[in-house]
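K.L.:
Would you mind keeping the following structure in view while I ask a few things?
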Amino acid sequence: MNQKNNEEYQKEIKEIMISSPIRVPQISLKSFDIGRGIGKGQFGRVYIAREKISGYIVALKVLTIKELIKKNAERQLRHEVEIQANLKHPNILRLLRHFQDNIYFVLILEYVAKGELYKKLYIAQMVGALSYIHRKHIIHRDIKPENLLIDLNDEIKIGDFGWSVHTSQRHKTFCSTLDYLPPEMVEGKEHDEKVDIWSLGVLCYELLTGTVLFEEAGYTETYKRIAKVEFTLPDHLSFEACYLINSLLQHDPKQRLPLKDILRHPWIQKYKKKRE
């Protein structure tokens, strides 16, 4: 990161610190009453916590620096912080602040009470959030149930921007969760923001069926099914739902239904009318 970009980045972080409900100038793990664990990842765990002075409830993503260095993940973490710090949207998990000591790097995140999303249908909210991210020239690249949360107002929050990148660069990185990989990643081709549309299709299927779409016994078999876009939709799904999933899961990224058209899809419109 050059000096100019670094100065801009520090400015963004400073702005977030000012707007955050947590305004303690010097902050550390001792600033919090730390409660139960609510999640874990490759480099650490997530805990519910209360900031002692303000009483504000947050989620602390506590990452072990030793593990980050061991896995050469410092750059990935820097990207996550840089990207999430610049995103302010009702359906994106808010990064409040971050700090580190000699052992841990800690992200202070908005706490979302209802946990991971597996069963509820919020595709329309997802479209709104992804449209916002893409307008910011960012690709999330890791849309899956584990990275989606629901708050007390039934609003989705997209979290974990560890694999996110800017669209201005060319990308061939093999990332995301196996079952959510698009064909272009499996085939080692360059990819763009349309990988998020593919993941949205896989997510839609999983929400409606409770099962993983492309999962096989081994990696090789799963890769083959993804590359061939080989799947069968169960009979109990409505015609509109099947049509939407098929429109999103196109091998050619250019043929995938654009986000702006998803909101006008009959299945989404039908769902919105029921909600009203």
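Every residue gets a Cβ built from N, Cα and C, even glycine.
TrEMBL entries are annotated by machine, without manual review.
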K.L.:
Suppose a student reads TrEMBL and sees Lys61, Lys71, Glu146, Asn147 listed for ATP. Which of Asp154, Asp160 should they find annotated at that same site?
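P.N.:
Record check against TrEMBL: ATP site with Lys61, Lys71, Glu146, Asn147, extra candidate from Asp154, Asp160 is Asp160.
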K.L.:
Relative to the Cβ position of Lys144 (SUMO2 cross-link), how many further Cβ atoms are located within 10 Å?
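P.N.:
The Cβ of Lys144 (SUMO2 cross-link) has 18 Cβ neighbours within 10 Å.
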K.L.:
Could you tell me the mean pLDDT the prediction assigns to the domain 'Protein kinase' (32-268)?
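P.N.:
PLDDT averaged over the stretch: 88.
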K.L.:
Of Lys61, Lys71, Asp160, which binding-site residues are close to Asp142 (active site, proton acceptor), meaning a Cα within 10 Å of its Cα?
P.N.:
Asp160
